[in-house]
Amino acid sequence: MSCINLPNVLPGSPSKTRGQIQVILGPMFSGKSTELMRRVRRFQVAQYKCLVIKYAKDTRYSSLFSTHDRNTMEALPACLLRDVIQDAQRVAVIGIDEGQFFPDIVEFCENMANSGKTVIVAALDGTFQRKAFGTILNLVPLAESVVKLTAVCMECFREAAYTKRLGVEKEVEVIGGADKYHSVCRLCYFKKASGQPAVLDSEENKENCPMTLGKPAEAPGVRKLFATHQIWQCSQAN
């Protein structure tokens, strides 16, 4: 039997890996950071060199990369991704948490993927006003994998796709947890704190409010396939 000599391929070898971008989107409390951590640890088990980058201004859970339930991982804090490009070039897998806060996220991820890195980004897709958060959505057409997670609505316990701000701040970047934000469903997004629907013609809500917030209109009457008298006539005939 003849033997075939296979080349020695080491995990993380720049000449053997194929770059890609994976994007994890969703509202707050949907498990984005948890999923990012799971994927990075999966590569670590396979002996890949990994680097996690976190937003430097988010100091809620010390300098570590942390999920809301306090699972932590070593991370490199940064405000601009170009400031850590040398560290990123020394690894095979790059995880980026709170990707929506980095203004150079698209350029960085594309360059790293083109150089053979696997880049995994966890980010909010929308602001508290349900508008695109920074340039993060520009990653979608560049990514090999995109997933949007949902949370549990913190007001009615249904599926939640949006982030609702509890305070009155108007600026987009306000870092906080459950003290400042709720994950909410479509209906609860448009409710005021009192539980009443938002006013349709208010300047703050008119752009995002649906056309109707009351009870959905009843569907027109459906014609029955077999009326009662039709069934009775058939019985008499038999």
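In case you wondered, yes, glycine gets a Cβ from its N, Cα and C as well.
Summarising the annotation, Swiss-Prot assigns N-acetylserine to S2.
Per Swiss-Prot, the feature phosphoserine maps to S2 (among others); the stated evidence is similarity to another entry.
Annotation source Swiss-Prot lists phosphoserine at S13 (among others), citing similarity to another entry.
Taking the Cβ of Q100 (ATP binding site) as centre and 10 Å as the limit, one finds 23 other Cβ atoms among all the protein chains shown. Feature annotation from Swiss-Prot assigns ATP binding site to 26-33, 58-60, 97-100.
Annotation comment: Swiss-Prot describes E98 as active site, proton acceptor. The DSSP secondary structure for E98 (ATP binding site) is coil.
Taken from Swiss-Prot, the feature substrate binding site applies to F128, V172, E173, V174, I175, G176, Y181. Look at F128 (substrate binding site): DSSP puts it in coil.
Sequence annotations record features per position, and here Swiss-Prot assigns Zn(2+) binding site to C153, C156, C185, C188. Every protein chain considered, the tally of other Cβ atoms within 10 Å of the Cβ of C185 (Zn(2+) binding site) stands at 22.
What Swiss-Prot records for S235 (among others) is phosphoserine.
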Cα proximity to C156 (Zn(2+) binding site), best match among binding-site residues S30, K32, D58, V172, I175:
S30
Which entry in the list of binding-site residues, M28, C156, has its Cβ near the fewest other Cβ atoms, using 10 Å as the limit?
C156
Which are the residues of the chain, C153, C156, C185, C188 excluded, whose CB is within 8 A of where the CB atoms of the Zn(2+) site average out, their centroid?
M154, E155, F157, R158, A160, V184, R186, L187, Y189
